[in-house]
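Visitor: Below: one structure in structure tokens.
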């Protein structure tokens, strides 16, 4: 019996794309920072001249799937990370954005056979979002670890 697992030891052999929603950038900037810190500590070149990391900014979480799809058409990535923050308001807009963003990201991942980490915070309040973006824990770090694991796993399986 073969057992396959992703590795957490290094990201230096991965090509990573990050798509970040600008809406709620107080939150998304913090998540991106945590994500980049983790990737750097695991050996990925995160400098502005990096050839193994690309970052794309989009207006909001709804636009994450199309940007991810365009990135995957452009280049061979081992893994993508989508980052956003959608905070519940008084209308149903929250539900629509989350539903379409999550379905879109999943569909792009399936269509291109590339893992895309769904790093979109969905919270009921700004306080909850801030807690997840660094006050208590920066989930950006976790999303990067998931990317390292899935990127290496899929490389090993192929």
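The backbone N, Cα and C atoms fix where each Cβ goes, and this holds for glycine too.
Per Swiss-Prot, active site, proton donor is recorded for 93, and the stated evidence type is sequence analysis. Swiss-Prot lists 23, 61, 62, 63, 85, 86, 87, 118 with the feature 5-amino-6-(D-ribitylamino)uracil binding site. The (2S)-2-hydroxy-3-oxobutyl phosphate binding site feature in Swiss-Prot is assigned to 90, 91, 132; the stated evidence is sequence analysis.
Would you situate these features in the structure and describe their surroundings?
Guide: Taking the Cβ of residue 93 (active site, proton donor) as centre and 10 Å as the limit, one finds 12 other Cβ atoms among all the protein chains shown.
A simple way to gauge crowding: the CB of residue 23 (5-amino-6-(D-ribitylamino)uracil binding site) has 17 other CB atoms within 10 angstroms, across all the protein chains here.
Over all protein chains present, the Cβ of residue 90 ((2S)-2-hydroxy-3-oxobutyl phosphate binding site) has 6 other Cβ atoms lying within 10 Å. In three-state terms derived from DSSP, residue 90 ((2S)-2-hydroxy-3-oxobutyl phosphate binding site) belongs to neither a helical nor a strand segment and is classed as coil.
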Visitor: Where the record says 23, 61, 62, 63, 85, 86, 87, 118 bind 5-amino-6-(D-ribitylamino)uracil, what is the longest distance in Å from one Cα to another among those residues?
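Guide: Between the outermost Cα atoms of 23, 61, 62, 63, 85, 86, 87, 118, the distance is 16 Å.
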Visitor: Please identify which of 61, 91 has the densest Cβ environment, defined as other Cβ atoms within 10 Å, among these binding-site residues.
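Guide: Counting every other Cβ within 10 Å of each candidate, the maximum falls on 61.
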Visitor: Need the DSSP three-state call for residue 85 (5-amino-6-(D-ribitylamino)uracil binding site) to compare against my parser.
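Guide: SS state of residue 85 (5-amino-6-(D-ribitylamino)uracil binding site) = strand.
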Visitor: Return the residues near residue 85 (5-amino-6-(D-ribitylamino)uracil binding site) by Cβ distance under 8 Å, restricted to its own chain and a separation of at least 6 in sequence.
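Guide: Spatial neighbours, sequence-distant, of residue 85 (5-amino-6-(D-ribitylamino)uracil binding site): 21, 23, 24, 27, 28, 31, 61, 120, 121, 123, 129, 133.
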